[in-house]
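The following features are taken from TrEMBL:
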DOMAIN    28-102  domain 'Mur ligase N-terminal catalytic'
DOMAIN    112-308  domain 'Mur ligase central'
BINDING   Gly114, Ser115, Asn116, Gly117, Lys118, Thr119, Ser120  ATP binding site
DOMAIN    331-459  domain 'Mur ligase C-terminal'
Amino acid sequence: MIHRSIQQINDMVNGKLVKEKYVSQGMIKGVSIDTRSIAPGNLFVPIKGERFNGHQFLADAVKSGAAAALWCEDEPMPAEGIPLIIVKDTLEAIQQLAKEYRRQLPVKVIGVTGSNGKTSTKDILAALLGTQYRTQKTTGNLNNHLGVPLTLLSLAENTEMAVVEMGMSGLGEIKLLSTIASPNAAIITNISEAHLTELKTKEMILQAKLEILSGLRENGLFIYNGDDPYLSRECRILSMLAELSSSPVLQIATFGCGADNDIAPASCTVEKQGVTFTLQGEESCPPFFLPMLGKHQMYNALAAAAAAKHFGVSYDNIRQGLLQVEATGMRNELIEVKHLTIMNDSYKSNPTSLRAALDTLYQLTGYQQKFVVLGDMNGIGNEMETIRSHREIGEELDAEQISCLFTIGSLAEHIASAAKKHFPEERIFSFQEQERDELIAKLKMLLTEETIVLVKSSRKLQLENIVNTLLKSTA
């Protein structure tokens, strides 16, 4: 984590030290925006939002051992006696601090974005790079305008590789994050319906994701999904320009199942334990195994492998790294307790990621029953588009593969309604958000030996609570 003197921190953010409260020998070790997690020696950065103001909690930060704090110039001066660095805006200051700290480090940064798969790709890539380099990655979901600065400021001075996830809620955000992180390589996993509500079209989502190139260093590497129609169409001209340039400012690599991609599988087998695949053009190379569920995870592994190879990681180490992936929770987790198996994919849902999860479920064998619990998919367009997307999922559900369908939420009700056209009605159960307990009771009543349950929804419904209740009652 960042370890600098208070004077150095002041210089990095172009701030103004309050002299009467300035400790000349004071040192900062680490940064926190939350008084509940402050460690002694931290720099406290109070953030102002619509409903909160972190400046009100300076006393708590001091009690927890904060060594200094950034302070907005329009806030009243506090009584607490720790060094204050006065800035125009604390959010902009922490972003500037992270940008400058990243500039001072010799670390290589790989930025990862995309509509789906960016967290899994980050986790896989960190494991691959970790076989040869001192590597850190974004923890949890710190992928926004605050999370990326905090990730960079958490890097140890001797970190050699940093894998930084970049999310967004609209145009301009990834441009800001890329400018702060200044990546040596950038990955776009795919373009799908996520954020359609905010950005209206997939073309606009694509433009927002391409902002990751804004801060890419000269002669940096851009890796994208060559099977994605939006990415391949837009990025083809970038590839042509890179090939024609005598001194390219950009290197490009593609991944996917299409044979014309730079890295592509020759074979792929999906099993309960994970995905096994081989690579085209590497016939003498033994198969790779990724202990994560679904063919879509192979795409994430291909993207990660392309980046790892660029930075000199051998195929032997890539194979080893795949076995060591530490995945972020609630994303295609397979949890087994006695006779029950749960596919916990409750963190997010959109049509593309839901279809991938269903495809994975269909390929798994050895179960007497397959239950599907689906909640609302939020943020995928206007009301008409959202309803249509839910109905399309319902129409596509395979009645031969799914024993029972459970939906929860007013939007997911459209999935159930559309599924009734080809599902026996007695196998469909639809509940409103406040009827969570009734859903759990009905599901438990129908459980028999060797049942697998897929649970997937947008974050708003917090369906991990259903997962936890089922696990507790089965243990």
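Glycine too: its Cβ is placed from the backbone N, Cα and C atoms.
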When the domain 'Mur ligase N-terminal catalytic' (28-102) is classified with DSSP, how many of its residues are helical, how many are strand and how many are coil?
26 helix, 17 strand, 32 coil
Tally of DSSP helical, extended and coil residues in the domain 'Mur ligase C-terminal' (331-459):
52 helix, 33 strand, 44 coil
I'd like to know the mean pLDDT over the domain 'Mur ligase central' (112-308).
93
Sorted by sequence, non-Gly114, Ser115, Asn116, Gly117, Lys118, Thr119, Ser120 residues with Cβ within 8 Å of centre, ATP:
Val112, Thr121, Thr189, Asn190, Asn300
